[in-house]
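According to TrEMBL, the protein has these features:
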- 1-44: region 'Disordered' (REGION)
- 96-183: domain 'Beta-lactamase-related' (DOMAIN)
- 194-249: region 'Disordered' (REGION)
- 206-218: compositional bias 'Polar residues' (COMPBIAS)
- 223-238: compositional bias 'Low complexity' (COMPBIAS)
- 237-371: domain 'Beta-lactamase-related' (DOMAIN)
Amino acid sequence: EGGVQHAAASRHGQGQGYETQHTEQLESPPPVPVPNVSVTERETTREVSYASEHPYVAEVLWQGIAKQAFPGAVAAWGMGAGAGEPSDARLALGTMTFESSLPVTADSLWDVASLTKAMATVPAVMLLHEEGAISLDAPVAKYVPEFAANGKGALTVRQLLTHTAGLKECFTADPAAFPEAKVTKLSAEPAPALLCSDAGGDGGHSTPSEQQAGQSQPERAADVGTDGDAATDASDTGPPLPDPEATRKRVLDSVMKAPPRYPPGHRSVYSDLSMIVIGIVIERCSGMSLERFCRERIFDPLGMLDTHFRKVKAGHGPPPAPSIRVVPTEVDTRRGRLLWGEVHDPTCYLMGGVAGHAGLFSTAADVGKFAKA
């Protein structure tokens, strides 16, 4: 198993283990000798030469960094789990942004976007199905009555899961109804913690505000406590909304009233709306919030302690700086800032950072744990 996560930016910085500030002149990358790169197993760490054992993985990442496809990446893959065999391998290269010298590490946290569907929403609904709480062929309106509006009363849970319900692809926020979604003037202020030139690569750095307060970053994402229902997996460090709960209700009201765009059952159209509704089905049938159900029934049992939603705070003003472990996603021209520790998906943002289609943050190692489950 493996994957490459990335953050978009504008120009090169220095990579971890590679000299990258001049790579824009390179027609093709040089050979990729990567001695002394740590490969983390479940209980032990060994040093391997990727040049001899896994040259392709390192070369693919190097090619991407050299071509400015992304400033940094983490690859993770399984190497067997028999007696005496290594288990999980991870390789981290590059930096948080092209402007930064802060390195991406094997423990960096990424906005995994639509992997939320695969890692949270679908397994959650299937757990409830196995327990008899949800029937896949029952009308969704059995569990969420308001979904029956505008001719959707017969649509089933299975149709939503298989993207054959005919719902439109995504939610479009009308700026008149959702002023929170309006285009904001792009801030010219850099993120100072990301521009540190002397930062190391152990993922344990703190932001300037945290240094001033004498507080260091938690070792694991799950150590970031919040409130009540989501005490370990939802960090209240996203951007503030005046009233996240009220905004979420308005989004859900629009989603529930939306008519099908296509004839149900006749074609497969990937739909965020379908998975948003499935998230509500999970909450209604479990009596728990989506984030709490996923934490208690999926993430904690699998040891995925770095996988969590990041909730949006109520209030006004710029978002506070998150852990340096979190990798920025992109400069968002609509929100007018670098998205760093806040969910990228605009609908999930309006829903407060927790939704069935997006919102999860995770590490390459945790994604690997889920893939092996």
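Here the Cβ of each residue, glycine as well, is placed from N, Cα and C on the backbone.
No curator has checked TrEMBL annotations; they are predicted automatically.
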Residue distribution over DSSP helix, strand and coil in the domain 'Beta-lactamase-related' (96-183): 31 helix, 6 strand, 51 coil
Average pLDDT across the domain 'Beta-lactamase-related' (96-183), rounded to a whole number: 92
DSSP-assigned states of the domain 'Beta-lactamase-related' (237-371) in counts, ordered helix, strand, coil: 52 helix, 12 strand, 71 coil
